[in-house]
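K.L.:
The structure's right below; bear with me while I get my questions together.
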C-alpha cells in the first residue's frame, strides 16, 4: 500500500506498507530462486564441470559449492543472497524485539534471545562468506564459511525451538502451537539431512564410490531447503504485522 499526498505545496512522506507475510515470502524466495536457477544452469550447460570430482567416478548432481563457483551461476547466486541479506537481518531484529518483550521478566529466555540474535547474524555472515568466496577461488575460506553457516544455523534453530516451547506453554493461540510444531519437525529434518550429507561426503572422499557424491549433493539441497522452510515459519509468528518504508523530503524555497 502506498500513502502520500501533496497538501498546499507541502509534500507528505511517502509511506509503503508491506505485510510481514509478503516480506518473509520475498526474503526466502530470493535464495530459493537463486539456488534452483544456479543448479539448473549447471546441470544443463556446465554438467561436466559441475559434477566432476577428484575421484573421477560417475556423479549425476552438482553440489551447491560447484554450482555457485561457475559463471553466470555465481553472479545469480551472489545477487540473490546479497539482496536478501538486509531483509533477513531485519527479520532477526524483529524476532529479538519480540522475545525481549515476551520474556522481559524471565532470565533464561531473555539470555537465550540474545544468543538467538547472535547466531542468526552469524548464520547470515557465514552464508555471505561462502557466497562471495567460491570454492574455486579460496577453498579454505569457502569451507570455513560453510561450517559457520551450518553450525550457526543448527544452534539458531535449537534456541528458537526452545524459546517457542516456552511461548507455547503460556499461550492459548493455535498459531503459536502450530509454529512450534513445525519448527521442531523442520529442525529434525534439517539435522537428519546434515547427518546424511556428512556421511556421504565422508564416504565419497574415503572410498570414491560411484553415486556417493550425488547423494551428498541431494542431501545438501535438502539441508538448504529445510533451512529456508524453518525461516518461513515467521509467516505464522508475525502474521498480523506490517513492514513500513517511509521516504521523506524537505521543502525547499526557490
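Every residue, even glycine, has its Cβ placed from backbone N, Cα and C.
Sharing the feature lines straight out of TrEMBL:
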type	residues	note
DOMAIN	20-239	domain 'CWH43-like N-terminal'
TRANSMEM	20-41	transmembrane segment
TRANSMEM	76-99	transmembrane segment
TRANSMEM	111-133	transmembrane segment
TRANSMEM	145-164	transmembrane segment
TRANSMEM	184-202	transmembrane segment
TRANSMEM	214-236	transmembrane segment
K.L.:
Could you pull out which residues elsewhere in the chain have a CB under 8 Å from any CB of the transmembrane segment (111-133), counting only those six or more residues past its ends?
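P.N.:
Here the qualifying positions are 65, 68, 77-78, 81-82, 85, 88-89, 92-93, 95-96, 99-100, 103, 141-142, 144-153, 155-156, 159-160, 162-163.
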K.L.:
Is the transmembrane segment (20-41) packed against any residues at least 6 beyond its ends, judged by a Cβ distance under 8 Å, and which are they?
P.N.:
62, 64, 67-68, 70, 72-74, 76-77, 79-81, 83-84, 87-88, 91, 94, 221, 224-225, 228, 231-232, 234-235, 238-243
K.L.:
Who are the long-range neighbours of the transmembrane segment (76-99) in its own chain, taking Cβ under 8 Å and residues 6 or more past its ends?
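P.N.:
Residues 20, 23-24, 26-28, 30-31, 33-35, 37-38, 41, 67-68, 109-110, 112-114, 116-117, 120-121, 124, 127-128, 131-132, 160, 163, 231, 234, 237-238, 241, 243.
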K.L.:
Report the mean pLDDT of the predicted model across the domain 'CWH43-like N-terminal' (20-239), rounded to a whole number.
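P.N.:
Result for the domain 'CWH43-like N-terminal' (20-239): average pLDDT 93.
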